[in-house]
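Single-structure report; data block below.
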């Protein structure tokens, strides 16, 4: 058993070196057309280093087994099978390989296809808009929203109450209170309780109201009659004064002065004397 352990320990470092060499050769196969000379020189140097390490490890003296049996061979074959299965299922690439693959993927792009340059054209004729004009639409939107809110808040009932309040101010103090009471009732206040009066007292109140109304009517009629009489006296005096006043061009035949011939008024010397005398009398 001790001999088998020694064989396994001796075979492990050599097998690991061989596997590393195989993996590196697999990744190095198949050179692309766009590889540069620097990359090729790097690969050659790495190959030389790997070969030197493998040769050094192979040159080291290994402890030879006394009598290799079937058990040792089976253990070695099973070990290599496990390694192969692990490599096939999940091949773990070394840290150096991704850098090489990225370099390979970048070099063909530089050689075969160039990046497209993007050019922006700014014409001199177009005037750049100031920031104030850009801010105006936002301000206009806010104003429109404020107007909409004000329109929505407008209420017909409030407007009606304000108009009613303004109309009450035109009346006297006595009537203002009555109208204010009616407005309060309209808004939902409780109306005052009805006052109950005896039937006989109510009839007396109605009679007093009627008598007061009749007296007011009589006084108004008397004042109207007195005014009418004054107007009639003035109108009669005016008529009399108009009749007594002499008129030169009156419609009567006796008062007519001169004669008309072919549309012209012809005055005699007697007519001229009458006209002059009437002016002196005035």
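Using the three backbone atoms N, Cα and C, a Cβ is placed for every residue, glycine included.
Here is what Swiss-Prot says about this protein:
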type     : residues : note
REGION   : 27-98    : region 'Disordered'
COMPBIAS : 48-59    : compositional bias 'Basic and acidic residues'
MOD_RES  : 67       : phosphoserine
MOD_RES  : 75       : phosphoserine
COMPBIAS : 89-98    : compositional bias 'Low complexity'
REGION   : 121-143  : region 'Disordered'
COMPBIAS : 131-143  : compositional bias 'Basic and acidic residues'
MOD_RES  : 173      : N6-acetyllysine
REGION   : 208-254  : region 'Disordered'
COMPBIAS : 208-226  : compositional bias 'Basic and acidic residues'
MOD_RES  : 268      : phosphoserine
Between residue 173 (N6-acetyllysine) and residue 268 (phosphoserine), the C-alpha gap once rounded to whole angstrom: 77
CB contacts for residue 75 (phosphoserine) [other CB atoms within 10 A, all chains]: 13
Modified residues: 173, 268 - member with fewest neighbouring CB atoms within 10 Å: 173
Tally of residues which DSSP labels helix, strand or coil - the compositional bias 'Basic and acidic residues' (208-226): 19 helix, 0 strand, 0 coil
Rounded to the nearest Å - Cα separation of residue 75 (phosphoserine) and residue 268 (phosphoserine): 178
